Amino acid sequence: MRKKNVLLIVVDQWRADFVPHVLRADGKIDFLKTPNLDRLCREGVTFRNHVTTCVPCGPARASLLTGLYLMNHRAVQNTVPLDQRHLNLGKALRGVGYDPALIGYTTTVPDPRTTSPNDPRFRVLGDLMDGFHPVGAFEPNMEGYFGWVAQNGFDLPEHRPDIWLPEGEDAVAGATDRPSRIPKEFSDSTFFTERALTYLKGRDGKPFFLHLGYYRPHPPFVASAPYHAMYRPEDMPAPIRAANPDIEAAQHPLMKFYVDSIRRGSFFQGAEGSGATLDEAELRQMRATYCGLITEVDDCLGRVFSYLDETGQWDDTLIIFTSDHGEQLGDHHLLGKIGYNDPSFRIPLVIKDAGENARAGAIESGFTESIDVMPTILDWLGGKIPHACDGLSLLPFLSEGRPQDWRTELHYEYDFRDVYYSEPQSFLGLGMNDCSLCVIQDERYKYVHFAALPPLFFDLRHDPNEFTNLADDPAYAALVRDYAQKALSWRLKHADRTLTHYRSGPEGLSERSH
């Protein structure tokens, strides 16, 4: 029997429209070079309509690794615990005989009922999800990475994140064309790659599952040489945004909060000022740096792919490439992953099956969601997909194409209650449990339903960039009602069903599949 390996690559904050394979297929300007991702696209299937079902990092990774919508796993924001009862991918893989290795992070806060309130994991943004075997952790506080840098003889600054200040500078106003202080040999992308190669060499050809995480192109937006100068700002696509931040802010109260509150310091180490006031030249420079960080990750992936080639494991390995969420990059005068706009939620997904790929090079337009990754991996390994899982296996797409009964809409959610570094709830004067939205989006329309704020409705055919809210337009009233009904039906259909397939009866306990 052929051995089965799984390499799950999870990058951070890489948005879907920065995938050259798709750009070329659409006849768009190829402004980014990713030869190793290109290879994966040529040998696998690229999913062009793929979304994370929630943002930011902690909730997104909870959905990716449990196969559950936000409304079911309820780790609704960074800093919010994940209930221990949920079966995650790591635990499920142990059930099929794998010791799932993890490089990177999952930004998971533990269930407080399972440990002491004094547990140090409650003093950080997140830690590692139970079930995985860490072989190159980035959390908590990036200590493993900083220790590796110091061990290699690099003098760390007193404030360790200042390694991401530009070379020769103690502060930066915003986007910069200067290289990072840290050379590429000691970058975090190199750190993760070295950990991956060490792990794979230690396996010595035995079957493996490896979650290979990368921190980039997540901010701070500064790249090591030569990646800092690899792309010209003038070659970058311009941000898609209204003429000024006030126009964007007028669309919705939640949009106003983010336009008014996003700070440059969250994206450029040591910077001050409003993120919404970056001009086009600064945003193009930021995008050039973002592309440099992407190409650095791609070069690192090339080292991992070469090792799999050299050891004869490439054709034995299912490789999945995806991101936790996207990045606004100045679109709508926003930075980060927030709210309801497409750039925050649309992410890459590429799957290369082991051996021959019947649809090699295909670009699939079916609607897929981050919750589909966990059941796909379990299905490929012959494991049982948990009944509670909201996602669906994508294996049919690799051989035959889109199933006839596949979903016809995309679904994603966002919870904007206060956390220690952002307070939209207080700004909006809402209760904690009123701070949620869900999105139903198909090829034509996008509906955003809020628990306690006005809805949004966009006609994507005529307004693909979501500038005009039609929710209050009488001509669209019937459609708005229809999509509100779709949202309600979706939530009813996907209510927690962990035990709903079991039945008791005269013959004892039975289990139904449908």
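Heads up, the Cβ atoms here are built off N, Cα and C, so glycines get one too.
Quick look at what Swiss-Prot annotates:
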ACT_SITE  Cys57  active site, nucleophile
BINDING   Asp12, Cys57, Asp324, His325  Mn(2+) binding site
MOD_RES   Cys57  3-oxoalanine (Cys)
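Residues Val10, Gln13, Thr52, Val55, Pro56, Ala60, Arg61, Thr107, His218, Ser323, Lys337 surround the recorded Mn(2+) site, their Cβ atoms falling within 8 Å of the Cβ centroid of Asp12, Cys57, Asp324, His325, which are themselves excluded. Cβ neighbours of Asp324 (Mn(2+) binding site) (same chain, under 8 Å, six or more residues apart in sequence): Val10, Val11, Asp12, Gln13, Thr52, Cys57, Ala60, Arg61, Leu64, Ile347. Of all the recorded positions listed (Asp12, Cys57), Cys57 has the fewest other CB atoms within 10 A of its CB. The Cβ of His325 (Mn(2+) binding site) lies under 8 Å from the Cβ of Gln13, Thr52, Val55, Pro56, Cys57, Ala60, Lys337, Ser344, Phe345, Ile347, each of these being in the same chain and 6 or more residues away along the sequence. DSSP assigns Cys57 (active site, nucleophile) to a helix.
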